[in-house]
Amino acid sequence: MSNVSLSPSAVSRIMTRVCWLVRQDSRHQRIKLPHLEAVIVGRGPETKITDKKCSRQQVQLKAECNKGYVKVKQVGVNPTSIDSVIIGKDQEMKLQPGQVLHMVNELYPYVIEFEEEAKSPGLKTHRKRKRSGNSDSVERDASQEAKPSTGAEPGSNPSQCSVPPKKEKDAATKKESLSHWSQGLKISMEDPKMQVYKDDQVVVIKDKYPKARYHWLVLPWASISSLKAVTREHLELLRHMHTVGEKVIADFAGSSKLRFRLGYHAIPSMSHVHLHVISQDFDSPCLKNKKHWNSFNTEYFLESQAVIEMVQEAGRVTVRDGMPELLKLPLRCHECQQLLPSIPQLKEHLRKHWPK
């Protein structure tokens, strides 16, 4: 038996993982989320939130540092959301690196970042943290929706929604904390490995978490924060985005009998206009809950042509009140309108409507 000796420094220093809650606009310092400890966050001096619609106890956060996510429980009455999906009073969702937590009413955006800390007994903690530029926040990794699939079928890779091996997951977590998320989308748009199509006006990338066999995003190179910023000056661009979406369908799914829709989410999860091009099979393990389904199968999903007509007639896009409530509607088949009690039963039902 061989004897293995450890250096004094190796013995005296222990690496631990810690989690931080980071306000995207840097209005206040980061909030530490100790491993498995419940932390209440809301209106108050710590967050500098004074909005009375935000409760002093708006959310309860519990970091799973070893697993790389934070459990978020909505405690306040007004809606807290993750990537524009409302959690619901006394309900809980997982917040992962790259996702955006809006504290209340789609306001006050936060992200999480994980760090490795080297602790020496009796000495000051040493942090080991990757940075990009001067940013202290995490990159949103081209948003939750931007990283390309790499499956056997173009536009589809259901396996990427399953739990990856731990080493890969840790590597992905570190990658997601390289820079501020608002830079991430631009980085992905310009990454040749992520691009399906590009021209001088737009680029098409695969959705990171496709909700169907085929799911792409068409994004303009021009910086347009959201549909609210769209004017008549953007009409030709909107038309071009629609045309490119149809081209991608023809190029990559031309032999498929699947039906497609092109449209925008009424309340998008990224601060850059993006057109969803999605097949209507909804055959993907990434489609996990009612909010996922309703975001594509209610009026929450704005048809591309309807948006173009709205801008042409009114000069802007108007989103009616109450859109978040649509995400709570019962599950209803988009083909035959039958009500289904659960996502697994809905998915089984949808198989009946797939092209033979």
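From the backbone N, Cα and C atoms, a Cβ is placed for every residue, glycine too.
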Quick check on the annotations: Swiss-Prot lists motif 'Nuclear localization signal' for one of 24-29, 126-131. Which range is it? 126-131
Among 78-100, 331-353, where does Swiss-Prot put the label zinc finger? 331-353
Among 2-6, 272-276, 302-306, 322-326, where does Swiss-Prot put the label motif 'Histidine triad motif'? 272-276
What does DSSP assign H265 (site 'Interaction with DNA substrate'), in three states? strand
Cα of H276 (site 'Interaction with DNA substrate') to Cα of H265 (site 'Interaction with DNA substrate'): how many Å, rounded? 8
Taking the Cβ of K291 (site 'Interaction with DNA substrate') as the centre, count every other Cβ atom within 10 Å, in any protein chain shown. 22
Restricting to the same chain and to residues at least six past its boundaries, which positions have a Cβ under 8 Å from a Cβ of the zinc finger (331-353)? 280-283, 287-290, 293-294, 297
Expressed to the nearest Å, what is the distance separating S188 (site 'Interaction with DNA substrate') and K291 (site 'Interaction with DNA substrate') at their Cα atoms? 26
